[in-house]
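Notes to accompany the following structure.
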Amino acid sequence: MIETTTNWFAACRVEDAVENGGVCVKCGDDQIALFYFTRRNEWYATQNLCPHRRQMALSRGMIGSAGEDPKIACPFHKKTFSLSTGECLSGDECAIQTYPVKVEDGLVYIGLKN
Amino acid sequence: MKHKKVVIIGNGMVGYKFCEKIKTKSNDFSLIIFGEEPRIAYDRVHLSEYFNGKSADDLSLSSKDWYSEQEITLYLNDPVKEVDRSTKTVHSSKGITQEYDYLIIATGSAPFVPDIPGIDKEGVFVYRTIDDLDLIKNYAVHAKAATVLGGGLLGLEAAKALIDLNLEETNVIEFAPRLMPRQIDSAGSGMLQNKLSALGLNIYTNKGTSSIEGTDRISALKFNDDTELKTDMLVISAGIRPRDELAKLSGIEVGTRGGIIVNEFMQTSDPAIFAIGECALFDHNIYGLIAPGYEMAEVAAAKLCDDHKTFKGFDMSTKLKLIGVDVASFGDPFTTEPDARTILFEDSHKGIYKRINISNDGKYLLGGILIGEAEAYNMLLQTVNNKILLPDHPEDLILGSRGGGKQNENAGLAGLPDEALICSCEGISKGSICDAVSENNCESLDAIKKCTKAGTGCGGCLPMVKDLMVHTMKQNGKYLRNVICEHFHLSRQELYDLIKIHHLKSYEQVLDNLGKGDGCEVCKPLVSSLLASLWNDMILKKGNDTAQDSNDRFLANIQKGGTYSVVPRIPGGEITPEKLVVIGQVAEKYSLYTKITGGQRIDMFGAHLSDLPLIWEELIAAGFESGHAYGKALRTVKSCVGSTWCRFGLHDSVSYAIRIEERYRGLRAPHKLKSAVSGCIRECAEAQSKDFGIIATEKGWNLYVCGNGGSKPQHALLLVADTDSDTCIKYIDRFLMFYIRTADPLTRTAPWLNKMEGGIEYLRNVVINDSLGMAAQWELEMQALVDSYQCEWKTAIEDPEIRKRFNHFVNAPEEKDPTVKFDEMRGQKKATDWTLA
């Protein structure tokens, strides 16, 4: 069995994040979109790139839910993706990468695979 | 188990569909595609849209990622040149040798080029691939007149593409006595010809072309009747020839007039080799439409998976929009006495021609033709294909019920059998759609598309799919309302009233009190728009900021590449030289692309998110304010120069336009609002194409409402004539408040009026005669909105909390998005085109 260790990247302070919306986190050369649902007190992180037209845009999209599943809609063409699985909910054959998030002492961390 | 190798020759629509079909059935095959074109499979059916704004990427059926995700090996730009059946290998032109267990030939067809003297001259083209279109486009730059040889379905498509290139003259030459000879009769062709001529197309039927004139390049066509037509270019669309040369070379049986002979499983004379699409000859027929091609792909994929399916020939019925004119042909369009009886309807005033052929006993529909209006097509086709008994008065099918008799229940959707084919592109039956609704709870078009794939091809069946969904839901006892989304089981108007009564001020409050869940990209902008229409608070107030639509959230329009465009308000299109200089300086400083908009303003493109507040600081300091180009709000009030300069002007249209624009600036509505004021009946401001437009008369102003440009242009209708300036504004107040309160989401004023019972008469009663008794209240409400106006950008740059959000990175606010790229064109920048992987 392969063990993977999670490297927790400190993204920002809780008050820097946008309530019920997203911010974009610079993580080396990568861009990660970080979303904060105050109503659920839940955090999600995904790649910032929308795979549909390859635009760095997901962090500027609108969050919401489909049933119980939290989702993000890209601001360009409103393609929606599940924040829990990364699956595209608009019927396209593309998915996005998701990352775990934790909050400790007022800091938000994004989990990257080593 | 060892994977069987399936080699597919041809990466067109049908070859692609075969891969998609077989991948959903089984994972036991490894797929290898050889394509002749340099591109991945694209939508050839909508090729003419390439000249109408769609890019090659837009037309792509998938992305390169899709092929790699599906583990399909794709060789582009590399046609197969030889098939060795004894060793079961293919050899490509670039020298790849590939073994196969099964071979699928999907080479499609090539345009038929008739042997006319001079056909090899420069300026003669065919119309089949994106590369052909690029050649046509480049050549057309120096051409004034273009001609299409062939007035069939494809020829008229090609003519549409040429019209979109804005040449001075576009001609169509047809050898037969009528257009679309395989689909419509001469009366139908006559009607179609009239309509197309009115749209600027010159049509010549009964013309045999004898030679193509010109020294090196084409200059004219000569015909058998000794007439001549000058033309700078020629696009040949005289039919198709199946691409069967590879099969012939490999000793596979082909038809005497071309086409690879296949059986009902799409197998050729070599059982390991299949042919599908336009290259296949089944029962002496070549099928040149997409739906049968897809069906063949399905049958071949099924055969490889030992799934028993057969191809039984295909209905060649078709409906399409040709240059804006609906044309449909179904069943047997031509059958006539003594085999059948025909019912004809011809209206040369509106340009409508309808013909249906019914059996001699009056029981069954056999086929027909529709020109100019084809809404009934789906229903008529179903009636033919499913042998549904005709109602007592079959003429109702094309004329509509004209009072008196009861509606025949069986004539509607309910009468269709479960096996009735609704989506012919994907082969989805009525039963599967109803099951998706009943069993899988698909209660939206998107859900049905995802579950069944119905409507994902040409999309022509979508209205019918929607009707079926509504019908099935009603049958299941579901109360159907025009609700917003899963989070709000209310209509827009109900929500408007409830927010007002409960005095709710933020999206979160509205969701807490009236909705459920976390909201979504449908209800958030809608509620935000209602809140703005009701209370006119700054839209980025904390709590409401993330509920705004993408563009409202950053008070700018997001453009390709992720930069934004900036449009300051220029009321009435009037601007001082000093302000023009400021725009120039700002654009230069932040290196923005500048363009004059259709609404007499200046748009500056390519601004980084973090530059927006800086740009606006400078603009506001120079006296500009937000133009709300990003909002579902009043955009611009266009004006002609009017009586101050114009020798025809009756009144000062510029001053009145400025007054109106400043009154309604920032007003949020169900959709964008456009207006214009013209100083005389010459109508230079195009007021009759606006949501509300005003034209000066000798005695005052005429007010027109509910006009629309865009994809479905509609002229505005006269609401009131010869009114004075103040009264006219009162009427506009009432009109706008009535619209804001009652329109469905994202509905412009034109479709709002189209749906209104009683139409313009009713609207006039409400607005002018105050039949609802709401006029005084609406005027007060509008005045409150006018009084509470603020420039959103001014508020935004003064509030540090709001400004903080105009950075790309939360943890590196000083850095811009490094992925933003520009190219150069005509001395300015442009966004780098988006790529598909």
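Positions of Cβ are set from backbone N, Cα and C atoms, glycine also.
As the structure is a computational prediction, the values presented were derived from the model and not from experiment.
What TrEMBL says about this protein:
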| type | residues | note |
| --- | --- | --- |
| DOMAIN | B:4-299 | domain 'FAD/NAD(P)-binding' |
| DOMAIN | B:317-388 | domain 'NADH-rubredoxin oxidoreductase C-terminal' |
| DOMAIN | B:421-469 | domain 'BFD-like [2Fe-2S]-binding' |
| DOMAIN | B:559-621 | domain 'Nitrite/Sulfite reductase ferredoxin-like' |
| DOMAIN | B:631-767 | domain 'Nitrite/sulphite reductase 4Fe-4S' |
| BINDING | B:Cys640, B:Cys646, B:Cys680, B:Cys684 | [4Fe-4S] cluster binding site |
| BINDING | B:Cys684 | siroheme binding site |
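One way to see the shell of the [4Fe-4S] cluster site is to take the Cβ centroid of B:Cys640, B:Cys646, B:Cys680, B:Cys684; the remaining same-chain residues with a Cβ within 8 Å of it are B:Val641, B:Gly642, B:Phe648, B:Gly649, B:Ser653, B:Ser678, B:Gly679, B:Arg682, B:Glu683, B:Ala685.
According to DSSP, the secondary structure content of the domain 'NADH-rubredoxin oxidoreductase C-terminal' (B:317-388) in residues is 9 helix, 33 strand, 30 coil.
Counted over residue pairs separated by six or more positions, the domain 'FAD/NAD(P)-binding' (B:4-299) shares at least 3 Cβ pairs under 8 angstroms with the domain 'BFD-like [2Fe-2S]-binding' (B:421-469), which defines the two as touching.
Counting Cβ atoms from all protein chains shown, B:Cys640 ([4Fe-4S] cluster binding site) has 28 others lying within 10 Å of its own Cβ. Summarised by DSSP class, the composition of the domain 'Nitrite/sulphite reductase 4Fe-4S' (B:631-767) is 52 helix, 33 strand, 52 coil. Cβ neighbour count for B:Cys646 ([4Fe-4S] cluster binding site) (all protein chains, 10 Å cutoff from its Cβ): 16. The Cβ of B:Cys684 ([4Fe-4S] cluster binding site) has 18 neighbouring Cβ atoms from other residues within 10 Å, across all protein chains displayed.
Secondary structure of the domain 'Nitrite/Sulfite reductase ferredoxin-like' (B:559-621), assigned with DSSP and counted as helix (H, G, I), strand (E, B) and coil, comes to 32 helix, 14 strand, 17 coil. Taking Cβ-Cβ distances under 8 Å and a sequence gap of 6 or more within the same chain, the neighbours of B:Cys680 ([4Fe-4S] cluster binding site) are B:Cys640, B:Cys646, B:Phe648, B:Gly649, B:Leu650, B:Ile695, B:Ala696. Counting residues per DSSP class in helix, strand and coil order gives 25 helix, 5 strand, 19 coil for the domain 'BFD-like [2Fe-2S]-binding' (B:421-469).
On the 0 to 100 pLDDT scale, the domain 'FAD/NAD(P)-binding' (B:4-299) averages 92 in the predicted structure.
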